[in-house]
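The structure under discussion appears below in the form of structure tokens.
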Amino acid sequence: MDPSHHKLSFTVADYAIFAVLLGASLAIGLYHALSGGRQRTTQEFLLADRNMGCLPVSLSLIASFQSAVAIIGIPAEIYTHGTQYWFIGCGYILGLLVPAHVFIPVLYRLKLSSAYEYLELRFSKTVRICGTLTFIFQTVVYMGLCIYLPAFALNAVTGFKLWGTVLVTGLVCTLYTTLGGLKAVIWTDVAVIAVGVYQTGGPSEVWRKVWEGGRISGLDLNPDPTERHTFWTLALGGVFLMWSLYGVNQSQVQRYLSSRTEREAIRSCYMVFPSLQLALALSCVMGLIMFARYCGEDHSDRLASNKMVIYFVMDMLQGLPGLPGLFVACLFSAALSTISSAFNSLATVTMEDLIKPQFPSMSERRATLLSKALAAFYGLLCLAMAYVTHLMGDSVLQVALKIFGMVGGPILGLFCLGMFFPWANSIGALAGLAGGLSLSFWVGIGSIVTRTSGPRTLVSDCRSGLSLTNATISSVTTVALRPSGLQRFYSLSYMWYSGFTCFCVVVIGLTVSFITGAFRKQDVAPGTVFPLLGKLLFFLPEHIKQKLCCVTPMVS
């Protein structure tokens, strides 16, 4: 198959299914957003009146994580670099256990509307505002990526102008305020995998090609933090990434706070684990089948521009009318569930952290209308960020995780500083956040400028391992250049960004706190500190732990 002469595009059935599913999603969203029912107050609009069960909350948590970035980015990662990324699933265990038993109990019992209310209770209003502005920046940048991807997919299969599809996607996402898409995504993945295995020659042929093509990665225990992917960067670095996503990110915290009880909030966190593992496994298997299917063909043009997964799905499903349309509709649904929840979270933190404190007497009706207007405003603002996404040279998955690490890591560090270290004061918190953000942007921008954050890939024939007599040099080979000096600092794996910046915030925050006058037990608001140190230092006598300020009871 010559890709240059093999153009895949929507059929009439695909257009029809895509239009029906997207129209239904939009109609549901408009009904819930504009009907006025169950959204008469900010509590109902932003937190579902704190009356959600664990099942809808867990589905919402999964849907927001399983975005278009994961659907397209993970198979492309496996296709290009092999199965090493699969080890990030090991980080899901601690990455969900700690939020369930540490972050959720503290935040839920304080009866907050915004995660950043915690920062004012624990430190000061200034720290709260800084945390809120950091979250807004992170989310707006990430949402630009989430809007761009489905628009890019629609452009690839329809030929519509790219910026026209970006505009349509952004406007639909701005109006859409309900969940959807996860079940369809899973079943479409299964269909693509089944057809791909059949066309490749069966499971044994797929295994032979990916094994001999070097796509089955072993357990790499190299402790070097500059290696792009090893077991440690993915399993341990992934833990900090999950904490920043499922522990303190407003999009997820808002879902916990909407639960009926704390127990249901914790159960919803547990229920996320098997679904995330299933979605990760399907995406990784799709990447392997994609490699086996196109072994020996030159698709470097598509690989370089993140087109490979879209091309593969269209190629596999072209004989099944309507399924390509279903897949693109799934991309839109996954993007919509992520983006709409982000718009809602942005509206929440803006209202609760920036506007309400300045206008405490604002009527409930006006506050609700303003919340909806803010969601629309942020939708349009994210459109602007979509325009710069295509300029980034890394894969969409790496760009997304870099954003979470560079900005989410310092936010995680700020919450860890407050929850685990009773001595930390507001000056230390501000210094820690400023230092963490400065270091993260230094490393992140330095890696972009020097292009050393990951290996450079040379794409040619993928059959080098299949036949030594083949004249074509094959496989996606990696040119490893050992950096030195400051360039080595810029080479830190993007999977360590969250852990590195979190650690920096805590160290800087504690140092400045002790210099400027550490908090004493009576200075700390009740219920804002998790007694982690008291549990770790269980062997010390109680009076010593009291002097060390390690025993701080939580709100019951």
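Cβ from N, Cα, C; glycine included.
Annotated features, as they stand in TrEMBL:
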TRANSMEM  12-34  transmembrane segment
TRANSMEM  54-74  transmembrane segment
TRANSMEM  86-108  transmembrane segment
TRANSMEM  129-154  transmembrane segment
TRANSMEM  229-248  transmembrane segment
TRANSMEM  269-292  transmembrane segment
TRANSMEM  326-349  transmembrane segment
TRANSMEM  369-388  transmembrane segment
TRANSMEM  400-421  transmembrane segment
TRANSMEM  428-449  transmembrane segment
TRANSMEM  494-515  transmembrane segment
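Among the recorded stretches 86-108, 229-248, 400-421, 428-449, 494-515, the one sharing the largest number of Cβ pairs closer than 8 Å with the transmembrane segment (129-154) is 400-421. Between the transmembrane segment (400-421) and the stretches 86-108, 229-248, 269-292, 428-449, 494-515, it is 494-515 that has the most C-beta pairs under 8 angstroms. By the Cβ criterion (under 8 Å, sequence separation of 6 or more), the transmembrane segment (428-449) is not in contact with the transmembrane segment (269-292), since fewer than 3 such pairs are found. Comparing 86-108, 229-248, 269-292 for CB pairs under 8 angstroms to the transmembrane segment (494-515), the maximum falls on 229-248. Same-chain neighbours of the transmembrane segment (229-248): 61, 65, 81, 84-85, 87-88, 90-92, 94-96, 98-99, 102-103, 115, 219-223, 269, 272, 401, 404-405, 408-409, 411-412, 415, 493, 495-499, 502, counting only residues six or more beyond its ends whose CB sits under 8 Å from a CB of the stretch.
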